[in-house]
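Here's the structure, in structure tokens; my notes come after.
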Amino acid sequence: MTFTASSSSCAITESPVVVALDYHERDKALAFVDKIDPRDCRLKVGKEMFTLFGPQLVRDLQQRGFDVFLDLKFHDIPNTTARAVAAAADLGVWMVNVHASGGARMMAAARDALAPFGKDAPLLIAVTVLTSMETSDLRDLGVTLSPAEHAERLVRLTQQCGLDGVVCSAQEAVRFKQVFGAAFKLVTPGIRPAGSEAGDQRRIMTPEQALSAGVDYMVIGRPVTQSVDPAQTLKDINASLKREA
């Protein structure tokens, strides 16, 4: 199926589902995408696929009608990060992210770089603590806080810098919504329908649990991309979310 591309300022789906594309071959990725409907989800392109296939892959997805979350987690000096974020906006992506650990000046520079794009600017979110990390991993880095405590500190900094939201674990979402407000977007990986394997994500929830926790956008990968009927899987997930709402 082929759909007309939409601009980043005019989303064609209200679904909170973002499907993570993790393919080694471009043709297989596009074959999967052609099985699903852009009204049922958005798509996430990460570092591996973007490194392999570049901006043209994003354009291919947009031409099929999908909003794209460019998940490159920029983390560099402020000027370099700002230029990278502006380049992502030029590409027309729906969402782009940076590492909150890059600091306030870096995040503010990224925010300012999007000002010229006005209503067409992508959502700018920050990564706090990767969902694969546990307390022991943070301790190895010299951080004595728990993942939730460290993440909350970074979330506070992110909001102070004027970004649109953060990537966080579903377990952290309840408190973050209470503390940082409904308008501050929460994007959560590690979301898997009941019965799915945990994979390399440590802090996981089902889509229904994530919605109840206050998650705005939930990233789902293999349970959809490896489904024998991904279109139906997406429809089932969205139907369950509507019942939960």
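Any Cβ shown, glycine's included, is placed from N, Cα and C.
Among the features that Swiss-Prot reports, active site, proton donor is placed at LYS73, with the record citing sequence analysis. Around the Cβ of LYS73 (active site, proton donor), a 10 Å sphere holds 16 further Cβ atoms from the protein chains shown. LYS73 (active site, proton donor) falls within a strand when secondary structure is assigned with DSSP.
Residues or ranges marked as substrate binding site in Swiss-Prot: ASP22, LYS44, 71-80, THR131, ARG192, GLN201, 221-222. Within the same chain, residues at least six positions away from HIS75 (substrate binding site) with a Cβ under 8 Å of its Cβ are THR81, VAL98, HIS99, SER101, GLY102, MET106.
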For LEU72 (substrate binding site), the number of other Cβ atoms found within 10 Å of its own Cβ: 17
Number of other Cβ atoms within 10 Å of the Cβ of THR131 (substrate binding site) across all protein chains: 24
